[in-house]
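Take a look at the structure set out below.
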Amino acid sequence: MSRANSATWLRQQRWAWPTWPARGLARSLPWLLPLALFTTWAVGAQQGWVSPQVLPAPAYVYDTLKDLAISGDLWANTSASLQRVLLGYALGTSLGLVLGGLMGLSRAAEAYLLPSFNALVQIPVLGWLPFALLLFGIGEPLKYALIAHAALVPVTLGTLQAFRQAPVKWLEVGRAYGFSRRQLVTGVVLPAALPTLFTALRLGFTKAWLSLVVVELVASSEGLGYLIVYGRQLFQLDLVMAAVVVVGAIGYLIDRGFDALERRLGAWRPV
Amino acid sequence: MQANSLVLDHVSKHFTQPNNGAALQVLDDIALNIAPGEFISIVGASGCGKSTLLRLILGLESEFEGQILLGGRAIRGTGLERGIVFQDHRLFPWLNVRDNIAVGLKNSPLASAAKQQVVREHLALVGLERFAEAYPHQISGGMAQRVAIARGLVNRPSVLLLDEPFGALDALTRARLQNELQRIWAQENITMVLVTHDVEEAVFLGDRVVVMQPNPGRIKRIVDVGLPHPRQRSDARLVALRDDVLGDFLDA
Ligand SMILES: Nc1ncnc2c1ncn2[C@@H]1O[C@H](COP(=O)(O)OP(=O)(O)O)[C@@H](O)[C@H]1O
Ligand SMILES: [Mg+2]
C-alpha cells in the first residue's frame with residue numbers, strides 16, 4: 001500500500017457516508033464551495049444585483065483575460081511578478097534556513113538571536129517602509145527586500161522548531177549504533193525535521209506570494225499587483241478581477257507543486 | 001561475534017533531581033555475572049530502575065559507580081557488540097523496514113553487498129520479507145517490534161538488551177513473539193538480557209530470573225529456572241515458578 005493510498009483510505013474512513021459513493025464525494029467536496037461562489041457571482045451579475053461596473057460578469061472577465069493573454073500583457077506582468085517573488089523568496093528562505101538552523105542546533109545562537117528576532121518581527125512591514133525606502137530606494141531591491149522579509153519570518157521560526165524538536169528517542173538509537181555527530185545530523189536530525197521544514201517553506205512561499213500585491217502597490221509599472229492597482233484607478237474592475245484570478249491560480253498551482261515535491265522527496269508525515 | 005560474559009560489578013546509580021539538585025539513588029549495588037549465551041530475565045515493578053540498568057549496560061549513561069565488564073573489559077560508551085530493543089520500537093518513521101534494519105549496520109565494517117545480504121537474512125529471521133518496503137506506520141505494533149529485534153541483531157552482537165519489548169502488545173501477539181524470541185536465541189547463541197514486568201514472560205524465557213525491588217532499585221533474589229529450551233508454557237514446573245516469583249510482589 002503506497003502512502004498516498006493509505007492517506008486516501010484514511011480520509012474515506014473518516015467520511016464514511018454509507019449511502020453515498022464515498023470516492024466520488026470525497027473527490028468533489030473541495031470543489032463545492034468554489035462552485036457555489038462562482039454560481040453566486042454569475043447569477044448576481046446576470047440579475048444585476050450589483051452594478052456591472054462594480055462586479056463585472058464572469059464572461060466579461062474571461063474576455064479581458066483573453067485580451068490580456070493575446071496582447072502579451074498577461075505574460076509580461078506575470079513574469080515580472082514571478083521573478084520578484086522567486087528572487088525575494090530565495091533570499092528570505094536562504095537567510096531563514098541559516099538563521100533557524102543556527103538557532104535550532106545551537107542553544108547559544110538561540111540565546112543570542114531569538115529575542116531580537118522575535119522583537120523585530122513584531123514590527124509590521126508597513127512600519128519598515130519609510131526606512132526601507134531610504135535604504136533600498138524605490139526600485140526593484142525594495143521589492144525583493146519586502147518579499148524576502150515576508151518569507152523570512154515563517155521559514156526562520158519553522159526551521160528553528162524543526163531542529164529544536166530533534167527527538168531524544170531517535171538520537172539514542174543513533175548513539176546505540178555508534179553514529180558520529182555528523183551521522184546524527186544527517187541521519188536523524190535532518191530527516192526528523194523534514195516535515196516541519198517543508199511546512200515552513202510552504203508557508204513562507206504563501207506569505208511571499210501574498211506580500212507581492214502589497215509590494216507592487218507601492219511603486220511599480222508592471223506586475224500582477226500593478227495590474228490590480230491600475231485597474232482600480234481606471235475603474236476597470238474586469239481588469240482587477242482578471243489579475244486576481246491569475247494571482248490566485250498561480251498561488252494555488254505553486255502550492256500544489258510543493259505538495260508534489262514533498263511526496264517526491266519522500267518527506268514522511270507524522271501519522 | 002563470540003558470546004562474552006557480562007559482569008555487573010557492584011553497580012550503583014544516582015540521578016541528580018532537576019528540581020532540587022538532590023541525589024536520587026536509582027540502583028543500589030547490582031552484582032550479577034551473566035554467562036555467555038545465557039538468557040537473563042529481570043522482573044520488577046515499574047520505577048525500580050530496570051531501564052536505567054539497561055541504559056548503563058548499553059553505554060548511554062556513563063556516570064555510575066561500580067564496573068560493567070564485557071568479556072573481561074570495562075565497557076566505554078555504546079558499541080556494536082551490544083544491541084538494544086526499546087519498549088517503544090523507536091524505528092525511524094522516514095525509513096522503510098529494510099532501511100530501518102540497515103540502521104544497525106551503518107557503522108559496521110562489512111562491505112555494502114554483505115550488508116544487504118545480512119539485512120535480507122534478518123528480514124527472513126523475523127519473517128518480514130514481504131514487508132521490506134513498508135514504512136513503520138503501515139505495519140502493526142507486533143511487526144514493528146520484530147523489525148526492532150532484527151535491527152538489534154544485525155551486528156551479531158554478543159549481548160542483546162531488551163527493554164519490555166512486548167509490553168505494548170496484545171496477549172496473543174506477545175505470546176507469539178516470545179516463542180519467536182526463544183527460537184532466535186537458541187539459533188543465534190547470543191546473550192540476552194530481557195527486562196519485563198510480566199513474571200510469566202520472565203520465567204518462560206529466562207535461564208535465570210532476577211527479581212528486583214524498588215527504592216532504591218536492587219536485586220531481591222535470583223531464581224534459577226533450570227529447565228531446558230524450548231519450553232512449554234503449560235509446563236507445571238514453570239507455572240509453579242511463576243507463582244513463586246509472583247509471591248515476591250504480593251507480599252512486598
Ligand atoms: N534521567 C533521569 N533523571 C532523573 N531521574 C531519572 C532519570 N531516568 C530515570 N529516573 C528515575 O529513576 C527511576 C527508575 O527509572 P527506570 O529505570 O525507568 O525504571 P523502570 O524501567 O524499572 O520502570 C525512576 O524513579 C525514574 O523517575
Ligand atoms: Mg522502564
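For all residues, glycine too, the Cβ spot is worked out from N, Cα and C.
As written in TrEMBL, here are the features:
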- A:74-258: domain 'ABC transmembrane type-1' (DOMAIN)
- A:86-105: transmembrane segment (TRANSMEM)
- A:117-138: transmembrane segment (TRANSMEM)
- A:144-163: transmembrane segment (TRANSMEM)
- A:184-203: transmembrane segment (TRANSMEM)
- A:209-230: transmembrane segment (TRANSMEM)
- A:237-254: transmembrane segment (TRANSMEM)
Same-chain residue ranges lying at least 6 outside the transmembrane segment (A:209-230) that approach it to Cβ under 8 Å: 73, 76-78, 80-81, 84-85, 125, 129, 138, 142-143, 146-147, 149-150, 236, 239-240, 242-244, 246-247, 250-251, 254
Distant-in-sequence neighbours of the transmembrane segment (A:237-254), which means Cβ under 8 A and at least six residues beyond its ends: 53-56, 60-61, 63-65, 68, 74, 77-78, 82, 205-206, 209-210, 212-213, 224-225, 227-228, 230-231
Contacting positions for the transmembrane segment (A:144-163) when only residues 6+ beyond its ends and CB under 8 Å are counted: 84-85, 87-89, 91-93, 95-97, 99-101, 103-105, 110, 114, 117, 121, 125, 128, 132, 135-136, 189, 193-197, 199-201, 203-205, 207-208, 210-212, 214-215
